[in-house]
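Working notes, structure below.
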Amino acid sequence: MKATVILSALAGSAVAHPGMGAAMQEVRNMVMKRQFQPSTAMLGDLNTLPDSALSTTGRAIKQILLGTGNPIDTTTFYTAPSGGKDAAACKADRCCIWKYIANDMRAAFLDSSTNECTNLARGAIRLGFHDAAAWSITSGNGGADGSIILSGTEMTRTENLALVPIANQMTTWFNTYKNYGVAMADLIQLGAKVGAGSCPGGPRIRFFIGRTDNPNPAPTGLLPPPFFSAQQLIDNFGNKTIGPGGLVALLGAHTASRQTQIDLTKVGAPQDTTPGKWDQKYFVETLDPNAPSTLVKFQSDINVANGAVTAPIWNQFKTNKAAWDRAYAAEYIRMSLLGFASINGMAECTKVMPSILT
């Protein structure tokens, strides 16, 4: 039973039976102590393969999806061999070409003069969401398949219009690297991870390749609008195998966002006062009635921040960045795999990820 239903039922009982007031307060206290719980539904072929049949990468991803594996890596690094991307040594390593791409992305996503992430970085974060989240457990197609760009039609949808600059940049990178076996689907998801990590304070999320590109457009109506209630968002994300904790963690990416479509009188307005950094001010300022008027708060974010189920998790992330970073990384890895069946055949290329920024 949902916490909101329990509280409502007890509230009615407390009026009729004053002695129920203490019980109602006890339940409320239990709800408010709720901490982040990872989404644990299994995805793709990891649903059916026995553990004995899992590859090293498949096992690692399964552990992350179960909430037991670490989704962040700050120690595994890689230097591409001499001779450039056409060298035999580079071609012999499936991950090598991705080091060149990750370097290109970091250069575009970090403004070294301000030590802040750029509009392309925040666009890349959002592009990864919009490609992957156009999927549900009943949709049949969609997900992290590159179709947001490859279909030629998804970018004309209202919710994607602000992503044209980053889509154009992704297309340029794709045209540069596609002859090296690079998939658009993987490229987009690398961009989302490098984008988050290019905002100082952002996590260094593990990166996996092997997705299959799809030129067919994803279903419509699966991306939630910015006015949904907390319960509508819980239901929407639940249909993507993402629980309430994952919803709150992923919304935290709005710490680096700038809106262009919600309030046309404030185009480019951020959702917190430090959009060039990956910090917790979004969680604080969304709840702050005295936050600067230059911000644009999404009604859906306010609803989640105050939701009976989600508010305790919101408050946890507001005061515990390490918990939020780990939750975001794990839930984003889940997001980046939606709609893809052959997860066990993927390869891990975390070593190409740029270093963390402070």
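Glycine too: its Cβ is placed from the backbone N, Cα and C atoms.
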Worksheet item: Going by TrEMBL, which one of CYS90, CYS199 is joined to CYS117 by a disulfide bond?
Response: CYS199
Worksheet item: Of the candidates CYS95, CYS96, which does TrEMBL name as forming a disulfide with CYS349?
Response: CYS95
Practice prompt. Taking the Cβ of ASP145 (Ca(2+) 1 binding site) as the reference point, list residues of the same chain whose Cβ is under 8 angstroms away and which are at least six residues distant in sequence.
Written response: ASP131, ALA185, ARG211, THR212, ASP213, ASN214, ALA218, GLY339, PHE340
Worksheet item: How many Å lie between the Cα of ASP272 (Ca(2+) 2 binding site) and the Cα of HIS254 (heme b binding site)?
Response: 8
Item to complete: Name, in the order they occur in the sequence, the residues of the same chain whose CB lies under 8 A from the CB of HIS254 (heme b binding site) and which sit 6 or more residues away.
Response: GLN271, ASP272, TYR282, PHE298, ASP301
Response to the item:
Mean pLDDT across the domain 'Plant heme peroxidase family profile' (119-255) comes out at 98
Worksheet item: Could you give the Cα-Cα distance between CYS199 (disulfide bond) and HIS130 (active site, proton acceptor), in whole Å?
Response: 19
